[in-house]
Amino acid sequence: MSTTAETVTVAPPGPWPAPMAPVPIRATVRVPGSKSQTNRALVLAALSDGPSTIVNGLDARDTRLMRDGLRALGVQIEESGDSWRITPPGAFTGGTVDCGLAGTVMRFLPPLAALADSPVAFDGDEQAYARPMGPLLDGLAALGVTVSGESLPFTVTGTSALAGGVVTIDASTSSQYVSGLLLIGARLADGLDLRHAGESLPSRPHIAMTVEMLRARGVQIDDSETDRWVVSPGPIAAADVIIEPDLSNAAPFLAAAAITGGAVTVPHWPSESNQPGMRLPHILQQFGADVTYDEDGSIIVEGTDEIDNIEIDLRDVSELTPVVAALAALAADTSHLNGVGHIRGHETDRLTAIATELESLGARVRVHHDGLVIHPRLLGGGTWHTYADHRMAHAGALLGLVVADIVLDDVACTDKTMPEFVALWEQMLADSVAASTAEISAESAELA
Ligand SMILES: O=C(O)C1=C[C@@H](OP(=O)(O)O)[C@@H](O)[C@H](O)C1
Ligand SMILES: C=C(OP(=O)(O)O)C(=O)O
């Protein structure tokens, strides 16, 4: 039997004892659709010249907030199973948008609000007030939009007739400012000539994803110069799209095979994608796992008897950091995770959260301006705080497979991008036990 997203339920709030793996993990896990693609597809559909359909869109808190936010701006969204029909309004209306803790909502919807015919008020979870917004809001102000506030909560008062032109921002704290502005670039009278001037730019594959999805809808973008994107004015064509599985959300499942000497298969692994999870096969190989693909397009990760330490720059794929850090805490020697200073502004300050939680289990961790140095030690059980961060929950669950008595203080935060996480995880364990039992029975039958 394979573990699927359709047959599962959302985890209740409260403590969750992370189950240990009684046998090597061996399962097939179908992960739901990509958060990043879904929320881009929704925004692009709202900006398009006609109705669009999204199939296999992720149904989770971040994409619910996006759908509700778009509805507040006048967009019509009809949901029928895993097929959503999005009809853009004649003009975006004013209203109130709840961003929750979703970076894609707080960074992609203010530019749309700048096109609305009346003010749009943005709010979110209290924890989201700490997430950086300044460069995006300054970029909107440079376009002639009135913005009150520098972080959540704030109000955007735009006009449906923005001129556009040259805008320079410092996107070193999030690539999402660039993506958010690019999404509306074609709708500005003179288009958009967006430049990044700052220390360094994280998550470039996510910007490439934005550019690719805009181009697929007929938008012309010149990105031949580093850190500059020139978007020509013009219509954004409606399009019907199928969303890929969320490869970053496959990370804890694939890593489960790596740390237990098992084998996990994830179907529908794309041969090409701008999702950061495309780096996972290489990362898991660096940790010592074997990676193969079958003829049906599934990836298979198999653990070996060792977990190697690694030195890695995760700047492009920083959302993988919590799971990579958990693997590093189980490795043979010290690992260096670099290029991720900006994840202090993710769902929580992830550098501090990872260091605090790993140290509480017995590891030694040094936080520096740009990342983490993780010294593995014999780990013991304890409370693993998730800080409302879905990927901290993934990391804690992963460690719990091989370290006894880890209890996650709250696993309901996985609802942010994968409400099925606990059900999929528990099914993965049940499937592994069933696979081992079947193997033992087959061996006994052969011997008899
Ligand atoms: O555009 C996107 O969909 C995302 C961009 C990245 O943000 P940062 O550039 O802030 O890291 C990534 O970490 C986040 O999970 C999703
Ligand atoms: C950083 C993340 O999310 P967000 O889209 O809220 O920035 C993440 O999912 O790891």
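Heads up, residue numbers simply count up from 1 along the chain you see.
Placed from the backbone N, Cα and C atoms, the Cβ positions cover glycine too.
TrEMBL does not curate its annotations; it predicts them automatically.
Annotation source TrEMBL lists domain 'Enolpyruvate transferase' at 22-422. Feature annotation from TrEMBL assigns 3-phosphoshikimate binding site to Lys35, Ser36, Arg40, Ser174, Ser175, Gln176, Ser203, Glu319, His346. Here TrEMBL flags Lys35, Gly103, Arg131, Gln176, Arg350, Arg391, Lys416 as phosphoenolpyruvate binding site. What TrEMBL records for Glu319 is active site, proton acceptor.
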- Considering only the recorded positions Arg40, Arg131, Glu319, His346, Arg391, Lys416, which possess a Cβ situated under 6 angstroms from at least one atom of ligand 2? Glu319, His346, Arg391
- Note on the structure: Students should find that the Cα atoms of Gly103 (phosphoenolpyruvate binding site) and Ser175 (3-phosphoshikimate binding site) sit apart, in Å rounded to an integer, by 10
- Query: 10 Å Cβ neighbour count around His346 (3-phosphoshikimate binding site)?
  - Reply: 23
- Task: Rounded to the nearest Å, what's the C-alpha distance separating Lys416 (phosphoenolpyruvate binding site) and Lys35 (3-phosphoshikimate binding site)? Just drop the number here, would you?
- Result: 9
- Could you tell me the C-alpha distance between Arg350 (phosphoenolpyruvate binding site) and the residue listed as 'active site, proton acceptor' in angstrom, no decimals? 10
- Task: Let me know the largest Cα to Cα distance in Å among the 3-phosphoshikimate-binding residues Lys35, Ser36, Arg40, Ser174, Ser175, Gln176, Ser203, Glu319, His346, as an integer.
- Result: 19
- Based on DSSP, name the secondary structure state of Arg350 (phosphoenolpyruvate binding site): helix, strand or coil. helix
- Query: For Arg391 (phosphoenolpyruvate binding site), what residues in its own chain, 6 or more apart in sequence, show a Cβ-Cβ distance under 8 Å?
  - Reply: Ser248, Glu319, Thr321, Pro322, Val323, Glu347, Arg350
- Message: Just to verify a number: CA distance, Lys35 (3-phosphoshikimate binding site) to Gln176 (phosphoenolpyruvate binding site), in angstrom, no decimals.
- Response: 13
- Note on the structure: Listed in sequence order, the binding-site residues from Ser175, Ser203, Arg350 whose CB sits under 6 Å from ligand 1 are Ser175, Ser203
- Going by C-beta under 8 A and a gap of 6 or more residues, the same-chain neighbours of Ser203 (3-phosphoshikimate binding site) are Ser174, Ser175, Gln176, Pro276, Arg315, Asp316, Val317, Ser318, Glu319
- May I ask for the distance between Arg131 (phosphoenolpyruvate binding site) and Arg40 (3-phosphoshikimate binding site), taken between their Cα atoms and rounded to an integer number of Å? 20
